[in-house]
Every structure is written in C-alpha cells, then in structure tokens.
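First comes the structure, then the notes that go with it.
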Amino acid sequence: MINSKPILFSAIQPSGNLTIGNYIGTMRYWSSFQDDYECLYCIADLHSLTTLNKNFSLKKSILDTLALYLACGVNPKKSIIFIQSHVYQHSQLNWILSCFSSFGELSRMTQFKNKRKKEKNDIKNINIGLLNYPVLMSSDILLYQTNLVPVGQDQKQHLELTRNIANRFNFLYGDIFTLPNPLISKNGSKIMSLLDPTKKMSKSDTNKNNVIFLLENISSVFFKIKNAVTDSETPPKIYYDVKRKLGISNLLEILSAITNKEIFILEKEFDGIMYSEFKNIVFDNISKFLHKLQKSYLIYRKDESYLKNIAKEGAIKARLKSEKILKRVFSAVEID
C-alpha cells in the first residue's frame, strides 16, 4: 500500500547541549507529528562541522542527541531517525544544488551576515561551510520530497531559499523536487535569552546564564530563573506583551509550553502575584519537566548498542528513500 501521508523533515545539530528552546521550538511537537505525517528526524552532524573544535566529541554528542530524540517521544517504529553523514546522498545532492545557488543569495543569509558583521566585514577567514550551510540544508529537505518542515519565524529564510533552488532546478528539468512548506507553531517557536530577551536563546551563547540546557543540573536552573530579566513595572503585572514586557513574555512562553496551558489562562492564574513568586512557579514546573526528561534520557543513553542500531536501521531506510530522488536528479543533469 502506498503511504499517502505528507512527508515531514526536521533536524537538529549535535554540536553541543540542546536547550529548552530547542525542545519548545521544535522537539516537543515531534511525537505528535508521527501519527499524521511520514516523519524523518535527522541528526545533522555534517552541519556541526562548521563550528567544532578538537576538544569536542562529536560521536558522544550524536548519541546524546539521539537519546534525547527518544526521550522526547520519537518512536523509531513510527519515524525514520538517522544521522546525516550516514546517508551519503545528502553530500551528493549538496554539490548539485550548489550549482543552482548564487554567492549573492547565500551571503545574504542571516548566519553568514551575522558572522560577517562579527568579523567587521573581513570575510577571508570565514568558513566556506558556513556560506554553503543553507544549500546543504536545502539538500536535506529536498532529498526526501518533503512536504512540511517545522520551523520558527527566524528560520523561514532558509526554507524560502530551498524553494527558490528547487524552482530553478524544476524550471530546467521538470517537476523533480517537491516544494516544501513551513509548519510554524503559534507560540514558543522562538525562546529568548534569559538575561537579554531581545536575542534568541542559543546553545552557543558564551554566557551560559542566558540558557537552560535540557541535560543540565536542575539546581543551577533555579539561579538562572531567579536572575532572569523581568521589568520595573509598578505594581508588577504578569501578562504577555513582547514589546513592553520581553522578559515576562519569555517566561510565559516557556511555562505555557511545558505545562500545555494557554498563555491567557496563565495570565489569569498569576494576576496580582509578585515577580519572585512567579519565577518560583516557573522554576518548579521546569524542574518537574527536566527531571522527567532526564530520567528517560538516561535510560536510553545507557544502552549504546540500542542507539547505534536505531541509527543503522534509520540510515538504511533514509538511503532507500533518498536514492529514488537522487537517481532522478542524476538522470536530469546527465551524470547517471
């Protein structure tokens, strides 16, 4: 029987400890997607090579990430879970799609622009992998005839590039690639820094007090929440307003996601309470969430042979699926 479910693709880099922002923005939805979509969940280790150093163990981080996927409810019997580098078709398609991409559009991508700004426009030492990063991402998506990609508002640019590249290829060679669409959540797609809620929470942040990591010691989270930025409104009021109350809004986003309560309900619950009491409630709920997640994670992480077997089986399934589209691409450009 032909599977008529829409195809959904999502990936996370194993380049460091995943954050509560990763969970809220993407991973919390993964288990619920499995019944409605044909899901492919990728561990994007090739993407990680743009930022790694010799003191970082990529192999360990890949297994850590895989165990977290399972702890978040991804079922290998329902979804394809695989490691990007284990499916060589990603790299093959990446080169072909690079020939349908321009330096101009890649240099306008947010990550490259931010790096360029940081280097004060001196681009000679910027990693070429960072420039080509969005093309590899496009390859990841297009390789599986993906219909939907869960993305945050800040990631729509990458998906637009993917569609542009696919359209260029299709214009020349016919309808080879499916054009993917974004799947954007209403709330929580962009969790902000705790101390500077004008910027996104990032696992690469040099100030770790800005970030809540999924695997960190829960006691340290207490101090991070305690010191999280709020505001000076008098008397203190707890409501969602991303223009005037960035810090409070961010904490409400986090709490809403891990309790599955709508923000307007939380606003009513916290009417009239002090910020310190609100923070204590936020911490209590984060603590319960992390304890449950970490307990499940440790069970999976202890069995490396099980994790490696999941990765092996997932790679076999992913290669079978990706080879179909790659053969069509090779035939179109006459390198078959």
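Glycine residues also receive a Cβ, built from the backbone N, Cα and C atoms like all the rest.
Swiss-Prot lists motif ''HIGH' region' for one of the ranges 14-22, 113-121, 230-238, namely 14-22.
Among the ranges 155-159, 160-164, 200-204, the stretch that Swiss-Prot annotates as motif ''KMSKS' region' is 200-204. It is 24 Å from the Cα atom of MET201 (ATP binding site) to that of ASP140 (L-tryptophan binding site). Distance noted between the C-alpha atoms of LYS203 (ATP binding site) and ASP140 (L-tryptophan binding site) is 22 Å.
All protein chains included, LYS203 (ATP binding site) registers 16 other Cβ atoms within 10 Å of its own Cβ. Taking only the Cα positions, the spacing between GLN13 (ATP binding site) and ASP140 (L-tryptophan binding site) is 13 angstrom. In sequence order, PHE9, ALA11, CYS42, ALA44, GLN84, HIS90 are the residues near ASP140 (L-tryptophan binding site), counting only same-chain partners six or more apart with C-beta under 8 A. With DSSP classes pooled into helix, strand and coil, the tally for the motif ''HIGH' region' (14-22) is 3 helix, 1 strand, 5 coil.
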